[in-house]
Amino acid sequence: MFRHIRPVWAEIDLDNIAYNMQQIRRCSKSDEIIGVVKADAYGHGAVDVAPVLLENGANRLAVAVISEAVELRKSGIQCPIMILGYTPLSLVDSIIKYSIEQTVFSYDYAEKLSEAARQKNITLRIHIALDTGMGRIGFLPTEESVWEVYKISKLSNIIIEGIFSHFSTSDETNKEYTYAQLKKFEWFYNELRKKNIKINIRHIGNSAAIMELPETHFEATRPGIILYGYYPSNEVDKNKLNLKPIMTLKTNVVHIKKMMPGEYVSYGRKFKCERESIIATLPVGYADGYTRMLSGKAKVIINGNYAPVIGRICMDQCMIDITDLPSVQVGDEVVIMGESDDKKFTADDMAEIIGTINYEVICMISKRVPRVYIKNGEVVKIRNYV
């Protein structure tokens, strides 16, 4: 238990981040690697994770929104940072001030960026988004879109730094749709080349493609979930890339009580003691990202043993049954998500229980939970968001 933070924390292993990045660097055939650190590095803390990525093989970073990019710049990150999504024109001053590379998917938008850059007498670098099969932002791969991008290339104070797309099903065994997307991407790029449009980097290789599709490793690849030690699905060949999970969510036992047969635990009386039971309370709940959907289904690791989560998970607390566990004490450390010795209960396990993906599970861990950064087995930093 740490003295200056509440007894719920997420340990982030910086050595494992470095290891994963090095493994990805070896796997990727691209000269450049764009480390995706959107959503606060998938809940791991972008300001603290980004430097480790850059020290171990990443050349660039990608975020989803302008505030994420600004936070990185203010922390001292100087490498190219691109925004994968939309930025309102009302925030264009921040794009300019912090030298951010903006995604573009319409001529009108690019024209306004060009005008803003011209007024400031600077040059903006942009990335062209191409929708090859996701059905979200991006130019469609048509002759009309080729002409639109050609017009963008002629705008003043604008450099097309990159062109990119995103695979919809590259993490599935059947790669037919993925190859169809790749074909559209290559066609569009070749049409641009015919018009002598200079583009420095192409990037379409996401986590699954980095692992299984070397033909998608153009000038850059764009790893996301694999940076954080998880695979994009159970259908990818995990032998292609050895990864180490980075986050371990922990807490401490804060209360222990004996309950009699017939007594209930938590809201809704969903758990009834069928025997004399020893129940421990943990100070973690769904406001911390420990979703209520895990109620009565999850387990935790305590003193080398599993203990079931019983009753409904509350906003700030939950209960576990420790009746069959030896000598649990108030203050004992509990692993909610992660590994301890030979036991583990991971984001993959949680995702399977609640019917989602590991991405969502790790992104759910809220900023009410302090991040404790570990290097060489020692705490090197504690970040309290609130």
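Backbone N, Cα and C define each Cβ position, glycine as well.
Taken from Swiss-Prot, the feature active site, proton acceptor applies to Lys38 (among others). Within 10 Å of the C-beta atom of Lys38 (active site, proton acceptor) sit 19 other C-beta atoms, taking all shown protein chains into account.
Residues or ranges marked as N6-(pyridoxal phosphate)lysine in Swiss-Prot: Lys38. Under the DSSP three-state reduction, Lys38 (active site, proton acceptor) is assigned to helix.
As annotated by Swiss-Prot, substrate binding site applies to Arg136, Met315. Listed in sequence order, there are no same-chain residues at least 6 apart in sequence whose CB falls under 8 Å from the CB of Arg136 (substrate binding site).
The Cβ neighbour count for Tyr267 (active site, proton acceptor), using a 10 Å radius over every protein chain in view, is 12. The active site, proton acceptor annotation in Swiss-Prot covers Tyr267 (among others) and is backed by sequence analysis.
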*For Met315 (substrate binding site), the number of other Cβ atoms found within 10 Å of its own Cβ*: 11
*Specify the secondary structure state of Arg136 (substrate binding site) as given by DSSP, simplified to three classes.*
coil
